[in-house]
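According to Swiss-Prot:
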type     : residues : note
COILED   : 22-54    : coiled coil
COILED   : 149-222  : coiled coil
COMPBIAS : 200-210  : compositional bias 'Acidic residues'
CROSSLNK : Lys179   : ubiquitin cross-link
MOD_RES  : Ser200   : phosphoserine
REGION   : 2-113    : region 'Intramolecular interaction with C-terminus'
REGION   : 59-64    : region 'Important for autoinhibitory function'
REGION   : 196-222  : region 'Interaction with STAMBP'
REGION   : 203-207  : region 'Interaction with STAMBP'
SITE     : Val48    : site 'Important for autoinhibitory function'
SITE     : Arg216   : site 'Interaction with STAMBP'
Amino acid sequence: MGLFGKTQEKPPKELVNEWSLKIRKEMRVVDRQIRDIQREEEKVKRSVKDAAKKGQKDVCVVLAKEMIRSRKAVSKLYASKAHMNSVLMGMKNQLAVLRVAGSLQKSTEVMKAMQSLVKIPEIRATMRELSKEMMKAGIIEEMLEDTFESMDDQEEMEEAAEMEIDRILFEITAGALGKAPSKVTDALPEPEPSGAMAASDEEEEEEEALEAMQSRLATLRS
């Protein structure tokens, strides 16, 4: 605390170093998120192969859509890392300018990167806080409120393109999925009454496993 109870402003160099540390910390968070999604995707691939062997093309299609969503999420996370690297480079430039001019300077590159980063759900809280600190320090201009509020992914896939689904399934099953029926029941013989209950129980367990996998992926992407 300074005189009259006012908080003393931190030196510009200290601010820049703090921002850089926070950015690097968030990059580690993003790296961890990417690894988690990719690990879950490997489980989905195994499930697709199992479902394809059983002739459950409808299950395969659902899982393929989850994989498409996950890959899009990973792609966006990699893009966010690129933006964070841009901010880190901007911080290095600020330190260089500080040594020469004695003060921080406005940066359009940092501004553009931060505008993208505040929209990423996984890191939005920290990026929003950093943006406000950078605005106060004069590095970036005040962001419009709708920049902060437009957090929802407008490009969320409602229905994956059939071509993309086919490509994913072909990739995982090495082209064998074309032999699978369009519905699970197409591949099933007429069951004996005693076996019907067992088949029903197995399908119910598989459905629960599918829902659990979808839930885990959705949680990782949120």
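Here the Cβ of each residue, glycine as well, is placed from N, Cα and C on the backbone.
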For Val48 (site 'Important for autoinhibitory function'), nearby residues of its own chain (Cβ under 8 Å, 6 or more apart in sequence): Cys60, Leu63, Ala64, Met67, Leu169, Ile172, Thr173
Within the predicted model, mean pLDDT of the region 'Interaction with STAMBP' (196-222): 62
